[in-house]
Amino acid sequence: MKFKKELINILALIFVLKKNIFAQSICPTGYQMTQGSCTAIQCPNGQYYDSNLGLCANCDQACSACNYYPTYCTQCQNGFYLYQNQCLTQCPQAQTYVSCSGSSCICQACDSSCTQCFGNKNTQCLACSVGFYYNQINSSCLKQCEDGYTQQIVNIGASQQLLCIPCDNNCRTCSQTNAQQCLTCKDNMYLNTATNQCVSTCPQLQYKINGICKICPTGCQTCYNTNPSNPSTVESCLSCVSGYFLDIENQLCVKNCVSGYVVDAATQRCLPCNATCKNCSDQTNQGCLQCQNGYSLTSGSPSSCQNNCPNGNYQNSSLCLSCNTACSECFGADNQQCTACKTGYYLYKTQCLVICPVGFYTFARQYADPLKQPICDYCPNEMEQCEQDKSNFDLIKPILCKRGYYLYNGTCVKTCPDQTYYQDEATRSCLPCVFPCQTCLSASVCLTCATYTPNGQVQGQTYIFAQITYNGPQGTVFQQNCVPACPKGFYQNSKNNSCQVCNQQCQTCQGPAQTDCITCQIYDSNNMLFKYNNQCYYTCPSSQNNPMYGDKTTQACLPCSQECSSCFNGNNKSCYSCMNGYFLEYLKPECKSFCASDGTYMNSSTNQCSLCGFGCSSCTNGTFNSCISCLNGYYLQQNYNVCYPCPQQCASCTDMNTCQSCNQGYFLYSQTNSCVQQCPLIGFYVDTTQQACIPCDASCLECYGGANNQCISCPKGSYLKTDGTCQQCSQCSSNNECLGPNITDCLNQPICKPGQYLYDGQCLTCFPYCSTCSGTTYDSCISCQTTTDYTLLFDVCKKKVSQTDTQCDIGFYYDSVNKQCYSCHQNCIQCFGKSSSQCTKCSSGYLLHLDITTCSSTCLDGYYQQDPSIPQCSPCLYNCINGCSSGYQFLLGLCFTQCPFGTTAQKENCSFNSKPSIQFAQNLGNSVNNNSQTISLQLLVYSKNLFSIKWRLFTGNTDISNGPIQSYIQNRFDYIVFPPKSLQSNTQYTIQASILDLANNCQNENDCMVQQTFQTMNAITKGNFNIEINSAYLQLTLIISGWLFNSVPDNISFDLYVKLTGNDYFFFDKGQNYQDGRFTYLIPNLSYDLQDNKAQFFLVIYNDFDVQIQQLLIALNLNLQQTTISIDEFLDSVYSKITTLQQIQSLSYQFYSQMQNLMSSQTTSQTIFNRHLFYQVYSSLKGVQIPCDSNINCSGNGKCLWSQDNYNEILCICNINYAGRYCEFQSYQLDIARQHLIALTDLISNIPLNKSSDLFFTIEVLLELTYFYSIFDEFTLNTLINVYFQVFNQLQRVQSNISDEKILFKISKLTSQLINLINEDQTLSYNDQQSLLMKTMNDFDSQINLYLQNFAKSFDDLKSQEQVQTSFQTDISNINLNLIYQNDLLDAFMSNNGASDGQQQTPIVFYGDQISYTFDITQFSPKSSLSTAVIKWNSNPFLSQSQYQAPFISCITELVIYSQQTEIQISTVSQIVEIAIPKILPTPILSVIRPFYQPYTCIYFDSVSQVYKQDGVQYLRENSTHVICGSEQISGNYGVIVNQEYIDPNLSLTVIWNATQQIYANDQQFINFINQLINSNNNNGTNENPQVSQSSFNPNLSLLYALLIYIIFITIFIVISIIRDRKDQETYIKESDSYWLVHPIYSLIFGPYSSFFPRLQRSINYAQLIINLFLYNAIFVLVYSLPSEQELQQNVGKRQIISIQISSTSVACSIVTYYLTICMVNLFKMKWYIKQKWLDFKQDKITTEIVEQVTKSLKIFHLMNYGLVFMLQAGMGIPIIILILSFNSQQNQFFFTSVFASFVIDNILDIIILISFCFIKIFSQSEKSKIILLFTLRGFYYPVYEFLDIEDKIKEYQQKGEVLPAEEANNQSDDEDIFEINDHMNTPKRIFKKNEEKIDKAQEEIQLNEFVNNLKTNQ
C-alpha cells in the first residue's frame, strides 16, 4: 500500500511537470499560455516563480517578496532587515547600518569613506577607505583631520593606515610626527615658535600677532605689529632693552639718536629738538647746538637760537619774508618749516596742524614763554591713541591701546588683572565676563560659573559648566558655556558641577552608564531605541516567559500580546512566534487560535500556520497525502487524501474525468463532463456567458440558441421555416422527407420492410438487434427487435442488465446512473464514456494518448510514439513538439544534443546501455593542495542493480587505503573525501573505484572499475617570526621571513589576533596580504591602559588555516569562470571545497548567481532526465534475501533483507518481542522509550529558535533523539524533520556566533541518523531547496565520517612548547615567541574553546619599573594530538570484580604519545591534558537531560598499586560516542564508569539500553520539567479556593463602577458645553471660544494654550484625573489581598461601597475643580481686570509699573485659585474620617487610614507641583513676555507678539521719559493682521483680513499711543 501511494504521488507530480514543461516548450521561461498568447506569470505576494517546476512557490517566511528562489528576498517582513537579498534579524554590524522606510528596513552600505561601520549611521566607522583618515575618538573617516588632530600614516601589515591622532589640548593643529608640537592654537591661545607650544601670554621679547608669539626686533623689549593683516610688515617697538633708545618717529630701538633728536634719559626715548634747532642737547630752546636757517645761535651758555627777522617773517638771503599763514614763526615759506604756530594750530615737529596725528596728543599746558602755542606730544609707549586730562594736565589718558595691551581702569596693561575679565582684541580692552560666567577666556568661553538666587529662594544656585562640541554649518563648533540646565545628550555631574556627555544610546540621562538613560535616541520614525530598566536597546530584551517589543509611541519596551511568544517593534500584536495554543498566520504577523482555510494547517510543533501539501486548501498536516480540500484547479482523491491537478482545460473538476468549469477558450460539454475547444455542431450551441455547450431545442438539428425558433437545420422528416422553426412534413408519407409544406415538396421514396432503412432510394439492412433504423451503424437504431433481450437507449440497442450487473461487452461502458451499458466511441474498444476523449483502449489503427485518454489515428501535437510496437502516444517534455529536431537525440520524451551518461546514441534515439556505466565527474590533475584542502571526488554511475561501490588509493603500486572503503549509494552519484593532511605533499596518487552489480557481470572489483592519477602540490614551508614593539603608541611589528611557496599562488594572506590579557582586550586584523618583511600594527585606545609594575600579556595568533582556505577559493573562482562547466561539476566544485559555515555564507550569493546562469544558459533536459532515470532504477529494484554479515547482524534478533522499497538498503526483520532498526530493543523497552519521546518531541517543538542559546540546546536534544530514530512513528518523524529544517535555516542566521567545527560535527551527526528517513518522503525530490539541503547534508556526513575513518592516520608529531622569558624597561624594545600547535581534529570538535588561556604561561615575577610582555603566535595547522589506542579486552585484566560494582561505560584505552613518530614517555604535564575515551556503545548525552549532575567518573590504572584511582583525573564532558577526561599526569590505561546515582549497580553491559530508559523513568525532575513546558498555557486553571477568585473579582467590579460614574460626568459637561455654545451665539458675546474650556478632556486636546493654561499644567490636571480614578481602588486591592481575618471577610460589601464612593467623589471633585478654575479665569479676565480695576490703564504710556501690576495680579490669582483647589479636595477627607470612626477593628482602621493617608499625600503633591509651576512661570518671564501677557489678558492674542517687536524702542523712550513717535510705531505695523476696536461690543476684537481687500492706509498707520488710549477708553 505504501508503495502504491508513493507511485500515485509520483505520477501526479510527473503530470504537473509534463503540463508545465509542455507550456514552457511553447512559451519562454516565466511565461504561460493564456488565450493563445504567452503572458508573464504573476505570482501572489509572498511567492516567486520557480522556473524548474513551472509553479509559483512560497518565499522564505522572513521574506515578504522574493525572486528566483525562496531566500533571494527583495523585501522583508516586519522585524527583519534586507541585506544582500537576505532577510536577517539584525544587520551585519561591521558592514552596514540600518535604514528604514515605512515598515521596511534595509541594511544599507557604509559611507564611501568607511570600509566598516556600525550603529545607525553610515558614518560611524570602524575602518576607513583609501585616502581617508580615521578618528578613533568619534569613529569617523575624514579626508582631512579636524582641528585638534594631526594626520599620521602608520604601516599596518603590507598596507598603510591613515589616522587622526589627538593633538595637545591647547593645539588646533599639530605636527604629524609629534602631537605635542603645535602648528596653530585654539582661540585665545598663542603659538610660541621657539617651543612650538600654545600659551595664553607671550614671553618677554615676543609679541602676539595672528595667534603667534613672534620675536621682537633687536633692541626691543616689548613690541607690536601695526598691521596684523600683513604679518610681514616691520614690527614697532614699545620699549627698549638697556643700551637702546626708542626712536619714536620710526618705532625702532637705536643705540644713538639721529640728528635733530636728543636722548630722554627718563623714558629712554629719542625726543625731537626744539623747532628752532637742527641739533641740540635737550628739548628746550636753551639747548640748541645748531640752528635752523634764518636763526642764529646766541653766545653764552646755555645758548639758544634767535630769529634774525621779526616775528612772522623768516630770512631769505638778506630779505625777511612772511611765514606761512599757519606759522607764527618759521625758517622758511613752507608749512613744513614752522617753529611756532598761530592760535588754533598745534606744532607737530616743524609743521602746524589743526589735529595731532595718531600716536600724539594735544599738549595743552602753556610753556614759560607765553608766546609759545600748544604742541603735539607723543603718547606714552603702550598707548596708540591718548588725550590730556582737562583738569590735570599731568595726566595722559589712553583712548586706544597699542596691540598687545588692553585698556583697564584708564591704563593700558599687558594682561587683564584676573579671569573675571577677558581680553577683547577688537576693542583692545579688558571686558568683564558675561553672566553667567564667573571667570572666562572670552565672551563665549567660560571657565567657571556664577551663582544666582531666584526670587523667593534663600540659597543661591550655581550655573552648570558645559563643554559641548557639535558639527555646525562651518565645521566643528566648540562651546564652553554656563547653562542653567544641561542640553539633550548631557547630564549634570554633581562632583564638579559640569555637563558630561551621556551614553550614545541615551537622548537624555542622569549618568554616563548605559543604565542611566531617561529617554532614548530617535534617529527617525522607524529607527529608534527603546527603554527598559533605564537602559536603551535596539531590540527589546525578551525571554520565553516575558516576550517584549519596542513601542514607538512611548519608546519603551512593553510586553507582547498574550498570544505572542515574541513580537515585532511597534505593535504588541505583530507576532514573530506564538504561545502554545496559538498559531502564526502564514505571511501575517498575527497569532490565531485557528488557521484560516487558505492552504495552511495548524502546526503544533512550530506554533505556525504551515503550508499544506501540493494543491491543498486545507489539510491535517504538511504532507502531500493529508488534504481535506483542494485549491481551484485541483480535485481531491478521497482514498488517498491527495489533491491532483485537473486537466489542463478545466478550471475546476471533481476528478480527472469530470470538469465543473473550464478555462478561458474552452467550453463545458455536459454529455462527457469535459471541456472542449469547439462544441458539437449537431444538437448543441455555444453559450459564451456560461462558457458551456448548451443542447438545442428538440425540434432542431443545428441551432444558434436554445429556443425553438433558433434552428439552423432540421432533422429528417421536417423542414426549416423562415421564422427559424422546424415543421413536420405532414403532407408526405411517413418514410418521406420534404422541402416545404406542400405535397409537391415531398421526396417520394420506396417503403422498406422491418429491419431495413431507406438510403439513396434503396432499402438497406439495419444493425443487428434493430427493428427499425436510420443507418447501418450500431447507434442508428430507432427500435429494437421484440424477440431479443435488448432495449433501445440513445439510438442504440443495448442488452438488458440487472442492477447488480456492471460488466459490459467490449465496446460498451456502464452508466451507473441509468444502470445501463452504452457503446463507446468508434475509436475506442474500451472506454469509460461516450466521447473519443474517454478511451482506455483504442480500436485497431488508433493510438492511445494515456494522459488525456484520447484515441486518434496519429499522435497529436506535443506527443510522440515511443515504441512503434505499442499503439500509445507519450507527451513530449522538452525541446520537441512531435519528435526531435535535426541534431537532437530522443530519449524518454526529451531531446538531447548529446546522449546522457549511461546511454548510447542509435540513429535519432538514445538507448540505455546493457552493462553498467561508471566514470569520474572531474579530473583532479596535479592541482591538489593536500595540506589544507578537503578533496572530494565525484563518481557517476548508471546501473539498474547496483549493490555497492568500493574505493582504493595507491601510491605507485602500494595500496594505502587499508582495505576497500565500501559505500552503499542511494542514487547515481558517489563521493570520496580526503580530509586535510591525509595525503603527502608532492606525491603521485592513483584513486580507483569499482562497482558491484548483482545482475550485470560486475561480480568482482575488477569487472567494472575506473581509476585516475593525480599529483599533490608542494607544501608551504613556513619561515621565521619575530615581534618588536614601540612603547609610544603600543605599536607591534611582526617580522616574517624565509617562507617558500613552491607553485602556490602568491596572494596568500593571514589573520592577526592580538590579545591584551591583563585588560581583556582583543584586537583582530583580518586578511593581511603576505610578503616577506615587516608588518606594523597600531593597537588602538590602549596606550593609556599600560601600568607600571604590573604584568601585561599579549597573544598574537597567526592563522595558517586561512592560507589554505584561500587557495581553495582561488581554485573555485577559476572553476566558476568556465562557462561550459556542468551543473553537477559546479555543485561538486562548491561542496567539496567548503569546510566552514562562514565559507558557505560568503559563497551563497555567488553560488546562487552562478546556478541561475548555468540553469538559464544550458538545457535543463539533463536534470529532467536524471529524475526519470532515478525512477527507472527505483522501479527495477528487486528484493533479495541475503545472509546477515558483520556489518549488519540485526543484533542476533532478526533476519536480514535487501529491500526494494528503501533504495538497496539492507534492513532487519525482527523476531517476536524485538524491535528497532537493527532489532536492538526489546518490546517493553520500546514502549517506555516511546512515552518519553512524546514529551521530548513536544519539548523541541516548543523551543523558540530566535536566540543562539535556544538553538544550541535544540541541536543537543535533536542529536540525542536521532539515536532512537528507529522507534519513531510517522507523526514523530514528521515533527523531527520539520524541526530539523527549522534549525538548519536558523543556523544560517546566527552562524557568525557559532564555532564552525562543533556545529558541523553536530549537523553531521544529526544528518547521519535522519538522512534515510527524509529520503523516504518522495516529495522532497521535487523541492529544489530541500534537495539542495539534502545534498549539503550528504556532503557533511560523508566528510565527517571519512574524517573519523582516517583519524588514526592524521596524527601529527607532538610539538614541544618552547617558551623564553624576556624582561625589559618600560620603553619596550624586544619580544619573543611561543609556538603552540592546535589540538587534533576530535579535540577541535569536542573542546569548548580553541586556544585556551591555560596554554599561556603564568605571569612573571619582577621588581622595580621593569614590565614583562609575552607574545604567543599560535598556528591552527598542523595540529598536535594525543591519541588513545583502544584495547578490546574480553575482560578487564586490571580490575578485580570487587573494586568497582558500577559498570564501565567505555572501553579500556591506552594513552600513547608520539614525538617524531616515536613513542615517548611523559609522566607529568604542565597543564591538564584532555583525553577522548570512546564509549562501548553510542549513548545519549546525559548531561543535556540533567545538566547539574555528573553522570560519569573517569579513572586510571595505577601500575604501582595495581588498582584504579580517581585522583588526578576528572570528567570534563561527553558526546554520543566519546567521554572527555582531563588528566594531570600521563599514566597507562584509562576508563570511565557510570556513577551510582544514575543506574542500578548490578546493571550489566548487555542491558545498557534498559538502564538508560530507567534513568528517564526515575528522573522525576525531568518529567516535571516536561510537564511544565507542555502545560505552560494551562496555568490559569480552576482554583480550589473560591474566595480568592471572588476577592480578585471585586476590585475589578469597583473599577467598572468608577469608570461608569466618570462617563456620566463627561456626558453632563458635554451637554453644558453645547448649552454654553448656543448661549454665546444668541447674546453675540463670545470671547475667544471660551466654551472650549468647559470640559477638561476636550479642552486638553483642542483648547487654546495661554499663560493661564500652558501644556504642562493641562497635562498635570489630566494625570490627576487618572490618579484619583485608580489610586484608591489600587489601595483597596492591596489591603484586601493581605492575609485577612474573619472581620475583613465579613465587610467585603461595605468596602466595595466605600471604594466606589471614594473613587467617584475623587473624579467628580477633580472635574468640578477644573471647571471652577476655568470659570475663575474667565471671571478674572473679564471683570476683575476691568471692573475692579486691578490695573491702571489710564496712563498715557506703557511703563514698568504696569508690568509689575500684571505680575502681582497673576500671583494673587494663582494663589487664590490653588487655594480653592486645595480646600475642595481637602474636604473630601471629612467623610473618610467619619467612616474610619465607624469601624472598630484594627484591620478596618488600618484600611481607611491607608486610604486617607494616600489621599492627603496625593493632594499635597498636586498643590506643590502646581504652585511651584506658577512661581516658575511668573518669575521666568522676560519683560517682553510680561508686556505681551498684559495685552493677552485684554483679549488680544498672538498678533500682539508682532506688534510688540518695538520693545527695545519702548524701553529706550521710557528711560528718556518720552513717548514712542508715531512713525516708529507705524513701521512696526502688520499688513495682514490689523487690530481695531469694536465699539458696540465693548471688547477688543481681532479681525483677520488676509488678501480679501486692500487695507486702508490710515488703518495701517495706527500709532501706539492711539492704541493705548483705546484701551483706556474701553475700560
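Cβ coordinates come from backbone N, Cα and C, glycine included.
Taken straight from Swiss-Prot:
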DISULFID  CYS1188-CYS1200  disulfide bond
DISULFID  CYS1194-CYS1212  disulfide bond
DISULFID  CYS1214-CYS1223  disulfide bond
CARBOHYD  ASN279  N-linked glycosylation site
CARBOHYD  ASN316  N-linked glycosylation site
CARBOHYD  ASN572  N-linked glycosylation site
CARBOHYD  ASN621  N-linked glycosylation site
CARBOHYD  ASN930  N-linked glycosylation site
CARBOHYD  ASN1051  N-linked glycosylation site
CARBOHYD  ASN1085  N-linked glycosylation site
CARBOHYD  ASN1193  N-linked glycosylation site
CARBOHYD  ASN1297  N-linked glycosylation site
CARBOHYD  ASN1554  N-linked glycosylation site
CARBOHYD  ASN1596  N-linked glycosylation site
CARBOHYD  ASN1867  N-linked glycosylation site
REPEAT    53-98  repeat 'FU 1'
REPEAT    496-546  repeat 'FU 9'
REPEAT    554-602  repeat 'FU 10'
REPEAT    606-639  repeat 'FU 11'
REPEAT    690-739  repeat 'FU 13'
SIGNAL    1-23  signal peptide
TRANSMEM  1599-1619  transmembrane segment
TRANSMEM  1662-1682  transmembrane segment
TRANSMEM  1704-1724  transmembrane segment
TRANSMEM  1763-1783  transmembrane segment
TRANSMEM  1796-1816  transmembrane segment
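What Swiss-Prot annotates, mapped onto the structure for a quick look.
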| residue | record | contacts (Cβ under 8 Å, 6+ apart) |
| --- | --- | --- |
| ASN279 | N-linked glycosylation site | SER259, GLY260, CYS273, CYS288, LEU289, GLN290 |
| ASN316 | N-linked glycosylation site | GLY294, ALA333 |
| ASN572 | N-linked glycosylation site | TYR549, ASP551, LEU558, PRO559, CYS560, SER561, CYS564 |
Residue pair CYS1223 (disulfide bond), CYS1194 (disulfide bond) - Cα distance, angstrom, rounded: 5
Confidence summary (mean pLDDT) of the repeat 'FU 1' (53-98): 78
Cα-to-Cα gap, CYS1214 (disulfide bond) vs CYS1194 (disulfide bond), nearest whole Å: 7
Rounded Cα-Cα span from ASN621 (N-linked glycosylation site) to CYS1194 (disulfide bond), Å: 34
CYS1214 (disulfide bond) in three-state DSSP notation: strand
Secondary structure tally of the repeat 'FU 11' (606-639) (DSSP, helix then strand then coil): 0 helix, 16 strand, 18 coil
